[in-house]
Structures are given as structure tokens and as C-alpha cells.
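Peer 1: Pasting the feature list from TrEMBL:
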- 7-29: transmembrane segment (TRANSMEM)
- 49-68: transmembrane segment (TRANSMEM)
- 80-102: transmembrane segment (TRANSMEM)
- 225-248: transmembrane segment (TRANSMEM)
Amino acid sequence: MNGLNHPLVIWSACWLWLSSFFSIIWSLFLFYCLSDILTKTGMDLMNAFVLLSGLVMLPSNVHILCSIARGKRIDHNGKVVCCPLWLSIISIIIVNIVGLILCIHQISTCHIKTFQAISDGMRNYRRGPRNKHFIDNLQWFLDCCGLNSYKDWFSLDWFDKVRDYEWDSTSNKRNANIKEKTVSDSVPLSCCKSGSCIPNYLIELGTHSINTKGCGEIAYNTEIVIIYINLLLFVSIVLTEILFFVLVMDKRRTCSDKSPRNYDIMQVMPMKNNLNVTSSSIIDFNSDGSTNSELNDVEN
């Protein structure tokens, strides 16, 4: 353990180092797997601040850990790339506070944005490859179908009659006894489970080969978990950085306040008149402040 730095400083530095790597890996994973839903619901900005937080922390963490490894006391004025350490810590705190505010905002608006994004994507499914790509990836990844259930597709003119199906389901009389007005009784292929699938004639053939749960609640629950993970990450980084900053500044003040002390030899080593000594000479301090050196014989 480095005696020049407080133990909490060392543990804080290790935690911040791990947090920076986790922030980078976590944000890149979300961008890779859920880039469409993050963009549609506005969570991409929050995730960008997670990545920014990890990148901003790396230089200062390297500087701090190198100082600890070399047995040096961490100096708040030490240069980190192009700025002092204290400024780097403040920048990290500001970035994470902004990310914390974005998380709180997303919690209050996540449900509405998620359902609205999925609903718009389903209505515009056949009008552009971007919406089709978004819905298909969402349904494949979350094993879901539709907004609230697979039946949401029945009321939408989502398919290309020439490319997807050669028959017009609106003229089919099989739905005559169904109270709910439907356009088709089929779903996109992205609703299929693994293996063989029958996405057509679902009213007659059944839904055993497709996912029947809606994507709205599943996507919302997934996003809420992501938001709370980011929220916990931002809060832990802010509190740890504040603790680290306070400890480093306190250590600086403690060391700077130390001043040389003058010790009175008479208080450290009081001498008595009748003290027997084994040395050949002593220095006798008189009451007037003068000293006399006397040579004494050692008694056998």
C-alpha cells in the first residue's frame, strides 16, 4: 500500500479505472445491438455521454495509477495531457452530471417515445427500408411481434401485394365472422420463431410458429433497465470523483501545513544532578545557561 496516498484514494482510482472501461464497452455494445431503438427514442444522446464519460476518464486514470505505481503522492496540479488534474476531475464530474440529467429525463418520457416509435415504424413499414429495418430488427432481437400483440399487424396495410403476397386479403371472406375489421391475417417474417414458420393464414392455421407478445412493453422494460444501469454508473462516478477530489485536496493541505518544529533538548533529555553515567564525560547545564565540560571517573 502506498503510504503517500490515502487508501481511499487508491481504491477510488481503481474503481474509476474499471468504470471507464465498462462505460466504453457498455456504450459500444448498446450502439451495436440497439442502435435503431436508441435513435428512435432519443436514448442515443444519453448513451453518447456514457461513451464520452469513459473516454474523458481514461487520461486522468492513467496519470493517477502511474503516480501510485511509482510511489508518488498524487498532485492536484499534475499535468493530464494538456490540463491540470483538478480541471480534468471537474470536467469528468460535469460530463457525468449532464448524463445523469439525461437519464432522469428519459425515465419520464421513455414509455411514450417507445410506443410512439414502434407505432410509427409499423404504420410506415412498407414506405421505406429504414422503418422496415427498424421493426424487423426489433422483432428479431426481442422475440416479439407488433406493438401490443401480433394482431396489431392485422389492421395495417403493411405488406407489398406484389413482392410479399400475390393475393389480396381484403377480398378474402374468411374474416366475415370476425368482428374486428382486418386488412390481413398475416405478419412479417421477423415475427417468426426459429425454424420453420407460417406467417400467413394465422386465423385458420394458428400462431404456434410466431411470437405473439407485443414489442411495446418488452422494449420499454429493456430500455428502463438500460437507463437505470446508466443512472447508477453516472451517480457512482460523480460521487467517487468528488470523494477523490476532496481527499487529494485534503492531503495537499495536510502536507503544506507541516512546518519544522524546534525541540528543547532539556525537554527531550532531562538531566538529574545525581545521575550515574557510564560515559567518560557529560555536559552540565547551569542555571545561568552556561555549560561546563567535566571529566568524571567511572565508579567501579
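Each residue, glycine too, has its Cβ placed from N, Cα and C.
Not measured: the values here are computed from a predicted model.
Tell me about the surroundings of these features in the structure.
Peer 2: Sequence-distant contacts of the transmembrane segment (7-29), counting only residues of its own chain at least 6 positions beyond either end whose CB sits under 8 Å from a CB of the stretch, comprise 1, 47-48, 50-51, 53-55, 57-58, 60-61, 64-65, 68, 74, 229, 233, 236-237, 240-241, 243-244, 247-248, 251.
Among residues of the same chain six or more beyond the transmembrane segment (80-102), those with a C-beta under 8 A of the stretch's C-beta atoms are 45-46, 49-50, 52-53, 56-57, 59-60, 63-64, 74, 230-231, 234-235, 237-238, 241-242, 244-245, 248-249.
Remote same-chain partners of the transmembrane segment (225-248), defined as residues 6 or more beyond its termini with a Cβ less than 8 Å from a stretch Cβ, comprise 6, 8-9, 12-13, 15-16, 19, 22-23, 26, 30, 34, 43, 46-47, 50, 53, 57, 74, 76, 85-86, 89-90, 92-93, 96-97, 99-100, 103-104, 106-107, 110.
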